[in-house]
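Copied from TrEMBL, the annotated features are:
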COMPBIAS  137-147  compositional bias 'Polar residues'
COMPBIAS  165-176  compositional bias 'Basic and acidic residues'
DOMAIN    66-130  domain 'J'
REGION    134-205  region 'Disordered'
Amino acid sequence: MECNRDEAERAKEIAEKKFLANDVAGAKKFAIKARSLYPRIDGISQLLATIDVFIYADNKINGEVDWYGVLGVNPLDTEDVIRKSFRKLVLMLHPDKNNASGANGAFLLVSEAWELLSDKTKRSAYDRITSLHRSQHNVQPQCASTTAAPPPAPAQNGFHNSTEGSEKKVPQDNCKKKTASNDSSKPPYGPPPSRNKQSAVPHPLTNKNQLMPLVLHLMNINPTQFLLRLINIIEVLLHVMNINPTQFLLRLINTIEVLLHFFIPQREIVHFYSIS
């Protein structure tokens, strides 16, 4: 590791120059490179913390500074968690202990973030503004893992943020996924069927076209044989009663017409003859 120390020092110097030139993304890149080359390089943690504060300060949420990101916490964190993160950053960024470029400005931003988030009234008003923006853009708070989660991209400079140097864990209870089982806006079952809705399958006794086949089926009679027997019976009756078949048919038709006029409206009779 000692062989990389000189290269790490050069990477740190480049990071400081880029930071002073307002190239926050480039400063972050070289600061991480310096730490990876030589983790024990002097002041690298303070430099990374300073850069992170300015990255989150540039990230606007509905026109407001991302004060939670400045302190390296989650909007769902408790006041105790926020206080611990604030104290850690104060010790790291205090100008008396941090000689990194921009340390004084980062310290002031951290102090301003704590002043707002430690006041319940101000925090509540701030949450209403930012939560409305998150809901409109479907932004969900990220669950914590063993490594730091990547922060959202800043709105002004377009650089990607990072929470390295200020890792945090969020209680898993704060990250609840909305599923169909806990969605109270939808009923668990479909609407009950209407009682007034008629069944799609008609009852056989209500269908005149199916009544006779049903009777024949229940009596176990072949329809063809039934018709033949019926014709034979009519012929026998006509012969016994000494009635001419032609006259019988004419009288039967007249009788049917009288019954139709008596029991059925005139419009249905006309419809019947038009069909026939």
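The backbone N, Cα and C atoms fix where each Cβ goes, glycine too.
The residues of the domain 'J' (66-130), classed with DSSP into helix (H, G, I), strand (E, B) and coil, number 45 helix, 0 strand, 20 coil. A mean pLDDT of 89 is what the model gives for the domain 'J' (66-130).
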